[in-house]
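Here TrEMBL flags Cys358, Cys360, His366, Cys437 as Zn(2+) binding site. The coiled coil annotation in TrEMBL covers 91-138. According to TrEMBL, the feature compositional bias 'Acidic residues' maps to 753-765. Sequence annotations record features per position, and here TrEMBL assigns domain 'Histone deacetylase' to 366-678. The feature region 'Disordered' is assigned by TrEMBL to 1-40, 162-184, 730-765.
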Amino acid sequence: MQSPVGGSEQGVGGGGGPVDLRTDPRLGPLGGGGGGVDPAMREQQLQHELLLLKQQQELQKQLLFAEFQKQHEVLTRQHEVQLQEHLKQQQEILAAKRQQELEQKRKLEQQRHEELEKQRLEQQLLMLRNKEKGKESEYSINGFWYLNCCYGFIRGAHHTSLDPNSPPQSNTPGTPPSYKLPPLLGSYEGRDDFPLRKTASEPNLKVRSRLKQKVAERRSSPLLRRKDGTVISTFKKRAIEISGESAHTHYAFTLSSIMHLHTHIQIHCTLFNWNSTPCREVEERLVIFLPCLEKLHFLIFLSFSFPYLSLSPSHSRHPFLSIFLLHTLLSLPPSLSASPIISFSGLVYDTFMLKHQCMCGNTHIHPEHAGRIQSVWSRLQETGLLGRCERIRGRKATLDEIQTVHSEYHTLLYGTSPLNRQKLDSKNQKMYAVLPCGGIGVDSDTVWNEMHSSGAVRMAVGCVIELAFKVAAGELKNGFAVVRPPGHHAEESTAMGFCFFNSVAITAKLLQQKLGVSKILIVDWDIHHGNGTQQAFYNNPNVLYISMHRYDDGNFFPGSGAPEEVGVGPGVGFNTNIAWTGGVEPPMGDVEYLTAFRTVVMPIANEFSPDVVLVSAGFDAVEGHQSPLGGYNVTAKCFGHLTKQLMKLAGGRVVLALEGGHDLTAICDASESCVAALLGDELDPLPQAVLQQKPCPKAAASLERVIEIQGKHWSSLQRLAPTVGQSLMDAQRREKDEADTVTAMASLTVDTESTEEPMEEEPVL
């Protein structure tokens with residue numbers, strides 16, 4: 001074995017180990033007296049051997065590094081092959097599933113087509129039977145009799161015949177009257193009444209004679225005459241005659257019966273081949289009438305007369321009555337339907353969004369998981385809030401809708417199946433990263449599921465679009481979208497931060513393009529800045545974006561959202577970033593968020609005067625979220641109060657879309673509070689401590705910086721700048737004092753003007 005200096009194990013002088021020639025005492029001054037060794041030469045030899053040793057070590061190092069690189073390349077190739085095989089398997093599974101779905105869809109379409117064809121044939125057969133068994137005049141007489149029958153039933157409330165003089169049945173005091181409903185058409189056998197359909201065994205003259213007699217009796221009845229002697233001959237006029245007591249009794253049946261009216265009108269339009277436009281008009285008017293309680297009498301009459309129209313082949317039909325209903329509804333004064341009373345809040349949710357999850361199946365290591373929206377939806381059900389709202393059916397957004405914000409490549413990459421993505425340029429196509437958990441994703445947070453993610457992210461966008469369009473069109477007064485994955489981080493060509501498509505930004509674009517909404521306010525109170533939403537509207541003066549987020553001088557994800565970022569070109573001043581700085585010592589809470597709304601958000605929003613308000617409702621600022629997913633201590637109830645303030649804008653047309661927030665209890669509490677606010681419920685008052693507390697100095701400094709920058713664009717901010725450091729109670733007291741002062745000065749001015757009298761002119765001498 002070689003020694004460290006390259007010599008043999010036998011040292012100089014026959015020793016048993018290596019020796020240092022410079023210090024070994026055995027050599028003496030001349031190297032031990034044996035032969036005389038030159039120290040300089042020995043030193044040179046040692047230096048040479050040391051150099052050789054270093055070269056040998058460097059060579060070994062290079063060989064090891066080359067071996068490492070070789071093994072690394074082998075492992076990398078193996079990993080790529082495994083990943084490709086995995087993706088290929090997923091694509092094959094997806095292709096097989098799609099094939100099954102297409103086959104099933106084809107079968108369903110075929111079945112539906114057969115059913116429609118069968119229904120069409122049955123309808124034609126029924127119409128032929130009608131033509132054979134009756135004439136148009138008979139339909140008219142029968143229809144007129146049925147109008148009188150229904151009116152007599154409602155007018156008498158519990159009379160058993162058409163005779164206006166027949167006494168009502170007695171009822172137990174304190175109980176509603178018992179109603180004897182008229183039997184189905186074609187089976188009525190009253191002794192004094194005629195059947196609605198004549199049979200082959202009855203003489204025609206006898207039937208017509210009895211019909212004329214009944215018509216004459218009804219026309220001469222005092223119940224159908226006004227005080228001035230004119231006959232009331234239309235549905236609407238007759239319905240007005242219903243007494244208040246009768247209307248009160250029938251009200252319990254009206255709401256349930258009105259749905260039958262919708263169904264029957266649709267069926268009659270189909271049976272008699274009427275144009276779809278009047279049918280649709282009738283339905284729209286009926287929907288408008290429903291919340292209008294001052295038109296209750298008219299609804300009562302319709303709801304009781306129409307459900308008893310028989311539609312089975314064994315009973316007669318009365319197109320006269322249906323036509324008369326259509327004519328009556330379409331001829332109503334515009335004042336009845338010009339200002340519909342919309343009293344519903346909307347909720348949208350779809351279980352398809354639950355399928356977006358990491359293929360590893362472990363939800364504990366992925367904060368953005370399906371349990372988020374499941375928990376929120378369950379909470380709304382348990383509290384009864386869901387039952388008080390109108391649930392909206394979701395849908396997948398189209399690729400064209402998504403491309404209003406995102407590039408075509410980005411849309412195809414994340415919005416289509418693997419088979420369709422093969423059309424993309426493979427050189428430019430982004431490869432998904434393999435995550436430590438074994439799944440794949442865009443990054444360590446933004447997971448991807450080849451089977452379901454593309455459909456789920458499109459469903460989230462479509463749900464927000466559907467809800468916002470109904471609110472903007474006046475069909476709903478406001479709404480809350482329980483959706484995932486979130487979207488406000490998604491930029492034009494980049495997916496990040498759990499986000500793929502920017503739902504709120506896409507919705508805003510479509511509201512402008514398709515509904516012509518002039519001005520839209522987007523409020524983003526997620527603790528992370530919505531970099532994608534800011535990018536989408538950075539030069540747009542018709543969309544005001546206000547974000548309230550943790551910034552910490554750019555050290556908090558995503559790093560954007562500085563207060564100096566105010567927009568470019570025509571969009572300057574329409575991008576407002578309330579960027580909290582200073583970390584979490586102390587953390588921001590209710591006082592700071594309410595102060596921001598009082599001094600910045602609401603003044604700018606009121607000055608902007610939007611037509612629709614969209615809210616990126618992330619709840620990761622709620623207490624319970626630790627850094628880096630949160631760190632603040634805002635209460636869930638506070639977001640309910642913030643929602644109440646936003647409802648003062650845009651005529652109350654406010655739509656909230658769930659963004660971030662990963663503590664289940666926190667997001668459930670906050671969602672419950674916001675939905676209760678949208679429904680108009682009385683919220684728990686803010687604690688006295690919150691009203692009396694001043695915002696922390698770091699928050700005050702952040703708000704003062706925002707006001708300094710945005711004050712150049714919004715004049716309403718200047719007046720509130722001195723109140724940033726005040727408590728809510730002090731600020732309210734100050735505003736009240738200012739208002740009282742203005743009122744007093746105005747009153748003083750009026751009094752002064754009223755007391756001034758013109759001076760008397762001196763008489764002319």
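Keep in mind that glycine also has a Cβ here, set from the backbone N, Cα and C atoms.
Here the features listed in TrEMBL are placed on the structure.
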residue : record              : Cβ within 10 Å
Cys358  : Zn(2+) binding site : 21
Cys360  : Zn(2+) binding site : 15
His366  : Zn(2+) binding site : 22
Cys437  : Zn(2+) binding site : 16
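Other than the site residues Cys358, Cys360, His366, Cys437, same-chain residues with C-beta atoms no more than 8 angstroms from the centre of those residues' C-beta atoms, the Zn(2+) site, are Gln357, Met359, Gly361, Asn362, Thr363, Ile365, Leu435, Gly438, Gly439, Val447.
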